[in-house]
Amino acid sequence: MEPGTDVRRVLVIGAGAAGLLIAQVLKKHGVPCTVFEQDTKADARPRDWNYGIYWAQSYLAECLPPELVSQLESAQVDSHTPSGSDILPTFNLATGEPLISVSAPYSYRLQRRKFLNLISTGIDIQYGKRLTMVDSDNKTVTAVFEDSSQATGNLLIGTEGAHSRVREYLLGKERAAVIPSRIVASATVSRLPEREVSALRKLHPRYCIAIHPDGYFNWLGIHDEAAQSKDCTFMIILSWISESDTGLSGTAIAADLKERANTFGEPFRTVLQSIPSETTFWHNRLSSWPTQPWNSHNGTVTLAGDAAHPMTFHRGQGLNNAITDAAYFGRQLAALDTKSTESLSAVVTAFEEELWKRGNEAVTQSDINSLSVHNWEELKSSPLFTSGLKQRSST
């Protein structure tokens, strides 16, 4: 390709929040882009969850057109209008007594599926495209998919999550592998009896955290608000440190959670033990990958979102950093005089310089926080207690 040739196409692998927001940024700046998603359709996954935007609200507004920004509240778990007095209350899981109220001004709590549907508006997405290979000649890059189809562009951005194939291509399997955490978690989205809904929402209408001196962390929050309490669904997560494999799967996950809840204070014990027996649970060991520099093959391949900085969830930093990735990529694009392949390479270089440092700090701090909130002696010095939900630097 001759110097100064116009950018033909950017390939984005993964239609999660990071991928779709980067696609919106590229569209905003007139750069052709296609998103390739391994799922066969937008709602193919049976599991949904929710997440918070705590400090990246202005970055998000940089990524989206005004007509989508104005619809963000419609993607929330409830009808709450963000305000400066928003908090996330934290309780003692053994006694039910309040611990602290974490400030969360103007925060959004978004249903993942609703949010992705909103930010996919106007984006070219190809579904059923599971990546099998990446090949760059330092000028163009080709993605090969499981269905034998291929796509070629001037830049490929891997945004396909913690177990990124693109990250493996850039760093090799060993260096790209996530690091298993000492922490395991059981999670569900479930309806609850009306009495338990009322008890929970008296603590806070939207959500709360409860932490046990014996090393448990419990998240309880609205996932889908309904007019009738009996129709509301809640996302519930219980995590703890386990050095060995728990062996939990199927119905054993719920039974184990309810057994552990025997030592919890009210209303948490009754809430957890009232989860209907037919409810589906998930159980997994957490993992992370402290961001490290990679060879972007002359700016033709890079990473963003969980592919660049997969982290533990206990301080809600993952989505905020994914949004920041997209916003910073957009800022670098906005500074260009042209959209040539050479200038796009310069965008990638500047983008990665900021991302590598911020991503490593975010992952490291999230790991520290996750271990601290499972250790009663260290809880008060945890990033959650000392910095709340806002962005924190390790320096």
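Cβ coordinates come from backbone N, Cα and C, glycine included.
Database features, via Swiss-Prot:
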| type | residues | note |
| --- | --- | --- |
| BINDING | Glu37, Gly52, Arg112, Asp306 | FAD binding site |
| CARBOHYD | Asn138 | N-linked glycosylation site |
| CARBOHYD | Asn298 | N-linked glycosylation site |
| SIGNAL | 1-23 | signal peptide |
Quick note, Gly52 (FAD binding site) and Asn298 (N-linked glycosylation site): C-alpha atoms separated, nearest Å, by 35
Largest inter-residue Cα distance among Glu37, Gly52, Arg112, Asp306 [record-listed FAD binders, Å]: 23
Residue among glycosylation sites Asn138, Asn298 with least C-beta crowding, 10 angstrom cut-off: Asn138
Going by DSSP, give the three-state secondary structure for Arg112 (FAD binding site). helix
Number of other Cβ atoms within 10 Å of the Cβ of Glu37 (FAD binding site) across all protein chains: 24
Excluding near sequence neighbours, so keeping only residues 6 or more apart in the same chain, what lies with its CB under 8 A of Asp306 (FAD binding site)? Gly16, Ala18, Thr159, Gly161, Ala162, Ser164, Gly318, Ala322
List the residues of the same chain that sit at least 6 positions away from Arg112 (FAD binding site) in sequence and have their Cβ under 8 Å from its Cβ, in sequence order, or write 'none'. Ala17, Asp48, Trp49, Asn50, Tyr51
Distance between Asn138 (N-linked glycosylation site) and Asn298 (N-linked glycosylation site) at the Cα atoms, whole Å? 5
Under DSSP, is Asn298 (N-linked glycosylation site) part of a helix or a strand, or is it coil? coil
Between Glu37 (FAD binding site) and Asn298 (N-linked glycosylation site), how many Å separate their Cα atoms? 25
Per DSSP, three-state class assigned to Gly52 (FAD binding site): strand
Mapped onto three states, the DSSP assignment of Asp306 (FAD binding site) reads helix
Tell me whether Asn138 (N-linked glycosylation site) sits in a helix, a strand or coil according to DSSP. coil
